[in-house]
């Protein structure tokens, strides 16, 4: 038993899609979240800069005495997860392998699509992980550089957003039976993405799949929070506007949250 919180980091608000799933599946666990919205999106940035920024977020979470860190950002997972996992003495999870595994299970025709930031797609990490598990599957990857900025701006269902999503995803329509949402921002656009891709395409939320792995590790290391540990005190931090973060966060999590601005 370990009553310390679980730490989450992301380039912005996208990681809240993972937090929402954790609140649903593991409602007794406490959360500390840091979103680097001031420097979002990470996708177009060079790998070394992503590495530097991600380590800053990790070190911030370590000051909060977290028992586990979840890199709730596909771009950061692709660039630096292995390094962070090797250097810390607490469990560190990324969101890519769970998403790849879930896509393999859900694919009926062996044609998997991956959408993500330019860096995630350029790294080719989803294709590599999928082919490690099943080399016979076809994988089509597509960079969607405009999606995360739309989510960060709060434009989740405007006509402009619908047009951007349609025009961006058009090359994949009719070509895949499963689609990995390879950025934790993208589930906030899920209804629009599903509408464009069609009802038969299975959308895979890599962040939500990650929560199953969180549960497994909590049990394996015996670090679940005690049921009688007292009231939860979730803490949310952002490097940008706390008001903007709270507005998106409360809409997505369907509860009031307190958000604090921090400088890194």
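For all residues, glycine too, the Cβ spot is worked out from N, Cα and C.
Marked as substrate binding site by Swiss-Prot on the basis of sequence analysis: 10, 11, 42, 43, 74, 75, 184, 185. According to Swiss-Prot, the active site, proton donor/acceptor annotation covers 73, 183, on the basis of sequence analysis.
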Under a criterion of Cβ-Cβ distance under 8 Å and sequence separation of at least 6, what residues of the same chain contact residue 183 (active site, proton donor/acceptor)?
14, 43, 73, 74, 75, 115, 116, 117, 120, 144, 147, 148
Measure the Cβ-based neighbour count of residue 11 (substrate binding site), defined as the other Cβ atoms within 10 Å of its Cβ.
32
For substrate, whose listed binding residues are 10, 11, 42, 43, 74, 75, 184, 185, the greatest C-alpha pairwise distance in Å:
12
Pick the one among the recorded positions 10, 42, 73, 75 whose Cβ has the fewest other Cβ atoms within 10 Å in this structure.
42
Any same-chain residues 6+ apart from residue 185 (substrate binding site) with CB under 8 Å of its CB? Would you list them in sequence order, or say none?
12, 13, 14, 17, 41, 147, 148, 151, 152
